[in-house]
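> Starting off with a structure, shown below.
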Amino acid sequence: MAAPKPEEISHPPMDQLQGLEYCIDSNPSWGEAIALGFQHYILALGTAVMIPSFLVPLMGGTDDDKVRVVQTLLFVEGINTLLQTLFGTRLPTVIGGSYAFMVPIISIIHDTSLMSIEDDHVRFINTMRAVQGALIVASSIQIILGYSQMWAVCSRFFSPLGMVPVIALVGFGMFDRGFPVVGRCVEIGVPMLILFIGFSQYLKNFQLKQLPILERFALLISITVIWAYAHLLTASGAYKHRSELTQLNCRTDKANLISSAPWIKIPYPLQWGAPTFDAGHAFGMMAAVLVSLIESTGAYKAASRLASATPPPAHVLSRGIGWQGIGILLNGLFGTLTGSTVSAGNVGLLGSTRVGSRRVIQISAGFMIFFSILGKFGALFASIPLTIFAAVYCVLFGLVASVGLSFLQFTNMNSMRNLFIVGVALFLGLSVPQYFREYTAKALHGPAHTRGGWFNDFLNTIFFSSPTVALIVAVFLDNTLDYKDSSRDRGMPWWVKFRTFKGDSRNEEFYTLPFNLNRFFPPS
């Protein structure tokens, strides 16, 4: 038997991911684009409902307050997504709420000056204003780092090798939002997981009028079927004698969103009153803004790959971070109870549908704004049990993580140096945040527990984030361990042409600003 040829054993590295039906600047038909945009909107509801559902009751808020926060968050998400796809990185990314802000916000909620307020509604309003003030001040970090191009300078220390753990852990780092949540209601979560994988992968070749309808709309079809099934279980009394926790995770009528939502309500800046400012709160929030910046950097690089684009040049990435800082400023002005980051789930959906079109994401932003104003209709979709979203996350977060691992194709993985860096960064990126989570669950405070509350919030927030820990470890090791002699092993000859806008002719096609704005903001 003849020995196999080298090209039969290995696959050549590819700048752009192949196999996508539509890339960043190609568009499906309007009907298909609207349906895909609606699908992205439905997926974005998961985070938009999860975060306020957890935080609002801690602040003393009612179901009415929760609905209003969910509507406000969706409204601002829509605005931020439009700004990012038009003037930021221009990648097809949904800008959603961020879990990174939970640590400093919970710290603000437990501030003694706020906890001492006896009236629940007054405590809710005062806490909301304190969170708003902290977000407004902290947003300056991303605005300055982005628009001054300082983040572009920092990104020059990144290599394909150093980015692998960061991008991978944008997905893997969300493991606690996946099956642990599915397990809270397995009779809904597991069928959803099986159905979604079945439609999107095994039945992807089923076509209706030359459209692979099951692959393209697997999320919508699966959610509709399982939501109807969950409603049937609820109506038949299957959960009547089950625990309160089971009912909360399984029933379709426990969210109390539809009854509390107004028919029409337009969110507006300072709707909760004038923000209050506290230096300690703001400093803790700055850590969350830094975490959001790092997580978004990884997500932007994953999105560029799943949109069949080249990696964003340094100045485009920095421009996107600047606009994300504007987004966090809007979060603070409107009062969304969290900051902004790239939604990793929606990035994964680009790969699942094989549609990386920018127009689809802009349409989804329109749905976010529209349904946040029409409260009752938005609340109907927002009442989907969170277990259903968690089942989808199991697939989509894994897909984002695998995109991160795909950057290894540009590096030499027969190098012990590279194996050491990737392995240690991935392991610590998972292990350190897990230690912080377990410690906090037992002690009811983070491992950093000094008299300086702002210092505690800063450290605990940084080390709660898997991509942030991975970036610190990977970039440090990659730029200090034999870095002079390992440029090729690190993948730098491939990476360097994408650092500048004019380094590759395709950058102009993917990242040029609309309305001929590049005349006023020439790329570097």
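For all residues, glycine too, the Cβ spot is worked out from N, Cα and C.
Pulled these from TrEMBL:
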TRANSMEM  38-57  transmembrane segment
TRANSMEM  93-109  transmembrane segment
TRANSMEM  130-151  transmembrane segment
TRANSMEM  157-175  transmembrane segment
TRANSMEM  182-202  transmembrane segment
TRANSMEM  217-239  transmembrane segment
TRANSMEM  360-382  transmembrane segment
TRANSMEM  388-407  transmembrane segment
TRANSMEM  419-436  transmembrane segment
TRANSMEM  458-477  transmembrane segment
> State the residues, same chain only, that lie 6 or more residues beyond the ends of the transmembrane segment (182-202) and have a CB under 8 A from a CB inside it; answer 'none' if no residue qualifies.
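Same-chain contacts beyond the flanks: 214-215, 218-219, 221-223, 225-226, 229-230, 233, 245-246, 249-250, 352-353, 385, 387-388, 390-392, 394-395.
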> Is the transmembrane segment (157-175) in contact with the transmembrane segment (388-407), using at least 3 Cβ pairs under 8 Å (sequence separation of 6 or more) as the test?
yes
> Same-chain Cβ contacts of the transmembrane segment (93-109) under 8 Å, 6 or more residues past its ends?
40, 43-44, 47-48, 51, 54-55, 58-59, 73, 77, 80-81, 83-85, 115, 127, 130-131, 134-135, 177, 281, 284-285, 287-288, 291-292, 295, 299-300, 303, 324, 327, 336-343, 346-347, 361, 364-365, 446, 453, 456-457, 460-461, 464-465
> Under 8 Å, at least 3 Cβ pairs, sequence separation 6 or more: does that hold for the transmembrane segment (217-239) versus the transmembrane segment (130-151)?
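Between the transmembrane segment (130-151) and the transmembrane segment (217-239), which are separate recorded stretches, there is no contact, as judged by 3 or more close Cβ pairs.
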> Going along the chain, which residues at least six beyond the ends of the transmembrane segment (419-436) come within the CB cut-off of under 8 Å?
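Same-chain residues near the transmembrane segment (419-436) but 6 or more away: 161-162, 164-165, 168-169, 172-173, 408, 413, 446-447, 460, 463-467, 469-470, 473-474, 477-478, 481.
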